[in-house]
Amino acid sequence: MAKYTPMMEQYLKIKAENKDAFLFFRLGDFYEMFFDDAIQASRELEITLTKRDSGQKEPIPMCGVPYHAAENYIKTLIEKGYKVAICEQVEDPKTAKGVVKREVVQLITPGTVMESAMLREGENNYIASLSHFQDGSYVVVYHDLSTGENRLALIMDGWDAVIHELYNQPIKEIVISSNLPEQLQQQLKGKLNVTLSYQDIVDFNAEYRDLCENLNDERLLKAFSRLLNYVQHTQKRSLHHLQQAKVIDLQHHLSLDMYSKRNLELTETIIKKGKHGSLLWVLDKTVTAMGSRLLKKWLERPLLNQKKIEERLEIVEGFIQAFMERDQLREVLKSVYDMERLAGRVAFGNVNARDLVQLKQSLEKLPEIKAILSGFQGEEINKLADKILFPNQLVDLLNTSLVDNPPISIKEGSIIKDGYHSQLDTYRDASRNGKQWIAELELKEKKETNIKSLKIGYNRVFGYYIEVTKANLHLLPEGKYERKQTLTNAERYITPELKEKEQLILEAEEKIIELEYQLFLEIRDQIKEHIPQLQHIADVVSKVDVLQAFATVSEINNYRRPSFSSNNTLTIKKGRHPVIEQVMKDGTFVPNNISLNSERNMLLITGPNMSGKSTYMRQLALTVIMGQIGCFVPCEDAELIIFDQIFTRIGAADDLVSGQSTFMVEMLEAKHALSHATDRSLILLDEIGRGTSTYDGMALAQAIVEYIHNNLQAKTLFSTHYHELTILEESLPQLKNIHVRAEEYEGNVVFLHQIKEGPADKSYGIHVAKLAELPNELIDRASEILEKLENEGKPTTDGDTEEIKSGQLSFFNEVQTSSPTLNEKQIGSSEKVIKDLKELDLFALTPLDAMNELYRLQKQVKKY
Ligand code: ADP
Ligand code: MG
């Protein structure tokens with residue numbers, strides 16, 4: 001086999017060390033890719049695949065992107081979840097002997113991008129690491145390289161809890177140990193849709209000792225080290241902006257499992273996956289990117305501590321009361337840039353002078369923010385004002401060093417102010433004097449030659465020259481000028497003294513550019529010292545921003561400050577759904593009351609389809625969450641309970657990604673709620689049992705209600721279209737029936753969306769079918785069948801009706817229109833099945849056992 005060219009050898013060696021990334025191999029003005037990288041990249045990036053000689057018989061596949069346009073291509077790959085290794089020439093090709101030395105200088109991965117074009121303004125860009133330990137515990141670390149944030153959670157209750165925890169954050173990438181069991185790795189990929197990366201070195205890096213002060217547990221340290229080592233490996237530089245690791249105390253936050261977070265559409269909608277239509281969309285009246293990110297964090301982890309909640313509410317109330325001041329505050333905040341990320345870029349080394357001017361302008365707003373905050377009534381707001389400390393030294397530095405409108409490039413000068421550095425000033429004088437001299441020369445030459453159009457110009461090739469139009473050439477004295485360039489209608493000349501000055505000017509300018517760059521790097525290093533201070537300021541400012549957002553949204557939408565009950569009582573007067581009321585125009589949303597207490601732990605909600613059952617349930621959960629993040633809530637008056645957890649079974653979205661059926665998802669969600677809920681939890685079960693056939697669905701629904709009632713005592717809302725279940729009120733003392741009122745008007749159903757005590761009087765399925773404009777013929781036929789069923793308690797077929805022993809299905813009271821037509825053989829087996837069913841000890845069954853049992857029973861009926 002022929003040998004590869006030396007450069008290809010170099011490529012292959014570097015590629016072998018970066019197998020899981022596209023290797024962007026710098027060749028002149030291009031990043032080239034070869035072999036499989038080239039084939040795949042040409043497809044993903046829609047660029048031409050070419051070939052290149054490599055020393056082998058056959059040319060190899062190649063494709064490339066120009067280096068100055070690389071950012072967009074990299075962005076595309078990163079957004080698709082790939083990694084890109086940037087391999088640069090690390091010595092000057094002119095002086096290199098043999099192949100130019102190349103090295104990977106940065107590994108860009110979905111979780112570690114720093115380029116602002118690849119980051120979304122109001123969103124964190126999280127990478128997580130996951131570590132597992134012998135004792136069965138796990139540690140999750142969240143890290144945002146762009147802001148330097150580090151948070152850790154120690155999870156003691158098993159793998160499911162890990163998935164639920166990770167689901168809580170919009171993670172792009174997870175760093176794991178290569179010996180995490182394959183099956184768990186698959187789950188991470190499937191459920192969370194993230195890039196998996198590996199880091200097996202968990203040795204502590206002493207350079208980051210200061211970040212670890214809060215980590216007093218070997219497991220936390222190891223997990224954090226895994227993450228830091230990976231980040232270090234990808235960035236290949238020291239990072240000065242990383243913040244102290246904080247341990248998330250899971251016990252101190254309202255916990256929302258993965259299902260609830262998705263079902264309640266807190267930060268994105270289920271179907272479109274966008275912010276529009278989510279609770280975040282309604283609440284996000286923040287004006288800074290930092291505030292927007294913090295709001296999302298608060299939504300993902302509502303508080304449990306009443307004192308902390310009241311502190312926030314207190315501030316919101318203060319903000320609401322002083323509209324003028326709040327408006328002023330919003331105006332000032334609008335001119336505050338993303339200081340958190342700017343600080344990150346200072347540390348990372350990709351900050352430019354324009355960024356620093358933005359930083360300065362933001363910092364200069366602080367006294368005003370502080371003054372406005374001090375002007376509000378209320379101790380809590382004034383405390384916020386006290387936390388804002390003006391970084392005098394830093395602002396002075398920025399003020400004296402940088403010009404007001406620097407260019408983006410930091411390598412072309414025009415960054416540093418006059419008077420900042422004396423050597424720079426000297427060079428500048430030289431350059432300016434030279435230019436002055438040239439301007440004077442122009443005047444002098446004009447006068448002497450009497451050529452009005454004579455001018456002195458400059459270009460890169462010939463330097464300074466004197467230009468005279470052809471018509472005026474005869475006016476020039478002999479021998480004084482040396483001709484340099486001929487244009488169509490002019491000649492360009494130089495003189496020795498012009499060249500001499502030119503030399504001085506160019507030298508000075510070269511030195512200026514070099515020195516400005518050096519000075520800029522020095523300034524940047526000095527700013528690094530101020531990073532913790534900047535992060536503190538960013539913290540306070542983002543908090544102020546979120547709280548003013550709460551005040552703003554509360555005022556616009558007429559929310560009220562909730563109080564919190566000390567005796568397990570929740571009462572909401574005229575509550576509304578915060579999102580639906582926004583989507584519906586002109587105040588057509590119908591408000592409803594709700595009341596829950598120790599004697600009234602569970603509400604069973606009946607009512608026709610489309611009447612508003614699901615809305616009512618979600619409305620409660622969203623109100624609870626809003627209250628626990630410290631925002632006012634959509635109602636006339638609210639006394640809330642501080643819940644420890646919320647569980648939901650809502651909506652019918654199939655979990656297609658992980659290949660589970662609706663019914664299985666229903667059962668998993670129910671199981672999760674039943675095994676974790678406490679008497680301080682809120683459970684919402686929306687039409688559970690719908691995903692399977694009528695009878696087993698209803699049986700399961702009843703069993704679940706009874707189980708919660710008897711064993712958990714969690715506050716529970718349970719909606720059902722199984723009207724039969726309303727009878728449970730008789731046997732379960734803490735369960736109450738409520739219903740959504742609907743009226744029949746001239747054969748059509750009118751939804752009033754009003755919640756009333758007691759069970760619904762009838763089902764309106766056919767009316768809804770009519771609203772959906774099914775054919776009239778079909779609607780008439782359905783009404784006919786229904787009427788027969790209601791009169792005779794049995795289904796009907798075309799022509800003759802089969803006999804069914806009446807009373808045998810008394811358990812279910814009313815036969816559903818959807819139930820299959822039974823034949824005689826089935827009736828015999830049905831009796832047996834019903835007997836089995838009656839004897840079932842439901843409380844001794846897990847939901848899964850129940851499913852198996854039902855499966856067996858159903859098979860018996862289906863056999864015939
Ligand atoms: P169900 O769960 O009973 O089938 P939904 O809660 O899904 O009904 O509500 C169906 C539709 O009815 C909603 O999309 C909304 O447009 C409307 N709706 C529900 N509740 C109200 C309300 N309180 N006021 C006004 N419209 C409502
Ligand atoms: Mg519903």
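Glycine residues also receive a Cβ, built from the backbone N, Cα and C atoms like all the rest.
According to TrEMBL, the protein has these features:
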type	residues	note
BINDING	Gly607, Pro608, Asn609, Met610, Ser611, Gly612, Lys613, Ser614	ATP binding site
DOMAIN	681-697	domain 'DNA mismatch repair proteins mutS family'
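Look at the Cβ of each of the binding-site residues Gly607, Pro608, Gly612 and count the other Cβ atoms within 10 Å; the largest number goes with Gly607.
Neighbours of Asn609 (ATP binding site), defined as other CB atoms within 10 A of its CB across all chains, total 19. A coil conformation is recorded for Ser611 (ATP binding site) in the three-state DSSP classification, outside any helix or strand. A Cβ distance below 6 Å to any atom of ligand 2 is met, among the binding-site residues Gly607, Pro608, Lys613, Ser614, by Lys613, Ser614. Around Ser614 (ATP binding site), a 10 Å sphere centred on its CB holds 19 further CB atoms from the protein chains shown. Within the same chain, the residues at least 6 positions away from Lys613 (ATP binding site) whose Cβ sits under 8 Å from its Cβ are Ile605, Thr606, Gly607, Asp686, Glu687, Ser719, Val740, listed in sequence order.
A sphere of 10 angstroms centred on the C-beta of Ser611 (ATP binding site) encloses 25 other C-beta atoms.
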